[in-house]
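Feature list (source: TrEMBL):
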DOMAIN    49-298  domain 'G-protein coupled receptors family 1 profile'
TRANSMEM  33-59  transmembrane segment
TRANSMEM  66-89  transmembrane segment
TRANSMEM  109-128  transmembrane segment
TRANSMEM  148-172  transmembrane segment
TRANSMEM  207-234  transmembrane segment
TRANSMEM  246-269  transmembrane segment
TRANSMEM  281-300  transmembrane segment
């Protein structure tokens, strides 16, 4: 569908000098102060929680593979929130909306997609770690070596970066309408695509391809891992052993459902069903609440993380006493 209020294509202004206007929450003028305080508190808590887990794992001399992946996950969440939330807070301060340059919008979209994609791939690596730990426990140390973990982490980052680069380039090659008002608090893909002056579904094909590579394929791999885990647990005679094995997967399952649930709702749908108000609400959960939930879930459910945090607090108390 053509974008609202545009009479013709503006091919000239789609260069690096064009600016976009992020409307943010301009329709909620009376709630701006309250929303700003809530977002700021959530943002600071998210940074503190992920930084605490990141530092705790980094300072631990011996790190099993799951903790290594969790450390990378916390680093991704730190970068993820820093890319999105400061601009969202600015949109609450500026009543008319905040401007962002053409290149700035492209950079924000690329980083957002790359970090979100790296998280998707990382969740696959974590599910593979659980599969090896439960289905092949005797070979776990040999299979999940430090070298393999490093290669998996590197592959997650590079793969997501490449897919995000292709998607961003495809989106910003489109001709945009004279109205450059993005009804969102950051340069999300559906919101920018909505400004494209085209009536065909061709611009949605790169987004569909990215969804297949970053969402569908990783989710199928995670599903396959847990099917194998479930089959292995069915053959376990000890109910205690079955419960203990399953408890090690609960944190990863919870994060996977949170991440893929919101991402699927926003990105896997036709352009005709785009709703700015609904997308902004879901994006708030996706970019603010979900990153805050990750350290809470892992600190509450993971015994190793709780042990590391306790040791870190003990070291801090000893340092204060000395």
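The backbone N, Cα and C atoms fix where each Cβ goes, and this holds for glycine too.
Long-range contacts of the transmembrane segment (148-172) within the same chain, counting only residues at least 6 positions beyond its ends with a Cβ under 8 Å from a Cβ of the stretch, are 14, 65, 68-69, 72, 102, 105-106, 109-111, 113-118, 120-122, 124-125, 128, 189, 192-193, 203, 206-207, 209-210, 213-214. Within the chain, the transmembrane segment (109-128) has long-range Cβ neighbours (under 8 A, six or more residues past its boundaries) at 66, 69-70, 72-73, 76-77, 79-80, 83-84, 149, 152-153, 155-157, 159-161, 163-165, 167-168, 171-172, 186-189, 192, 210, 213-215, 218-219, 221-222, 225-226, 252, 255-256, 259-260, 263.
By the Cβ criterion (under 8 Å, sequence separation of 6 or more), the transmembrane segment (33-59) is not in contact with the transmembrane segment (207-234), since fewer than 3 such pairs are found. Between the transmembrane segment (207-234) and the transmembrane segment (66-89), fewer than three CB pairs separated by 6 or more residues in sequence fall under 8 Å, so the two stretches do not touch. The transmembrane segment (246-269) is in contact with the transmembrane segment (281-300), judged by 3+ CB-CB distances under 8 Å for residue pairs 6 or more apart in sequence. Over the domain 'G-protein coupled receptors family 1 profile' (49-298), the average per-residue pLDDT in this prediction is 85.
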